[in-house]
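Structure first, then comments.
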């Protein structure tokens, strides 16, 4: 036992030496990069690299999954409130004064590359020529006009989306919404073998575009604080931010949740509210809220020990998942940021660059900070508040007659008999937005659709109706054109255009 203990001590000492060497080598490389910054870049580059150094230090310290499975418990009953209970309280007469304390923040760092688009994802057309950004501005403008308030919109851009977004913002200069932007940090990608940055200087254009990345939306706390915008908004009397992904079309300002925050029934305000919703089979990988060491904690699939992944995915044990619609007190962000007390697990995201080089990027997620805030709460909201558009399959749903558009908000059509959304799977021929648009002469009637699978070279004529379960599979080399005006109800359409009953 003694020799075992000695060898373990030796191993950990050896690991510590290696860690120190890696940190020293990283520091040398980062100093070299900083030395290439021009005088007007030095200040923010220095802040970015300091933040990165902290993350890298923690990455070297932590080993294996970051949760101890045995400590995970179900959250106490009152820590996740049903939305109906919060809505039942109604709204006070002075809801406008409550709204004036709110800031809407949209996470706008992502590119539309997964849908074959260049530039910011928020600029993809979603509905009647309106982009994600158009719909967001329309929603807030409608609020400000209806209640005579001044709710501003803040966009967290990344270095990938900042220029294009700022150009587009000029078109809203006459809208009744103040729009502010700040940039999330820019961190260097790390060579997986050497654990050193692949960037040699600060530039991020041309061949250097692949050297840098935005470090996930958990970066919001530091970059919001560093930008000075957080202090400005507090000085203006703002108290809460409502944060959501710009591609979640269900994430509109909810007055009942806002009222619950500002006028809590027990008199004690929450610093952090996470909207969760019930899992379906499609969401088994979504992060879930648990009780861990007497705090509400968000557990993501990447943190789960391999032996427990199936248990984590179980819809019966973990019934809810995080929608990433979050309500956070501005004063709490300031307090925790100044104490360096926001603790978020590191997400290690492996990537292979175009040239074949394997890199890793270290990221954090905004919801993971829930355990650092006081008096946190989950609210189990209706599924309609989670309507993300990640793929063209999602785009087909939101463009269809399943939804009606009113003042920038999408609501499920009253003509649909079931409140759930159909399951839609479009094949690889539809992945890019321009290919997808070319394959639909008009968006089919989907009011009575349950399930649609399309694979291969398929096009849809005008005014097609889809009902029940429809499966359309064009074999390799074949093409299927669904004729204009066709009604497909519970049909399988296969390679040579035989239409069979399902």
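Backbone N, Cα and C atoms are what each Cβ position is placed from, and that goes for glycine too.
TrEMBL lists 121, 184, 216, 247, 390 with the feature UTP binding site. Cβ neighbour count for residue 121 (UTP binding site): 24 (other Cβ atoms within 10 Å of its Cβ, all protein chains included).
The substrate binding site feature in TrEMBL is assigned to 217. All protein chains shown were included, and the count of other CB atoms within 10 Å of the CB of residue 217 (substrate binding site) stands at 23.
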Max CA-CA distance, Å, over listed UTP-binding residues 121, 184, 216, 247, 390: 21
Packing count at residue 216 (UTP binding site) (other Cβ atoms within 10 Å of its Cβ): 24
Minimum Cα separation from residue 217 (substrate binding site), reported as the residue among binding-site residues 121, 184, 247, 390 that achieves it: 184
In the chain carrying residue 390 (UTP binding site), residues 6 or more apart in sequence that have Cβ under 8 angstroms from it: 114, 247
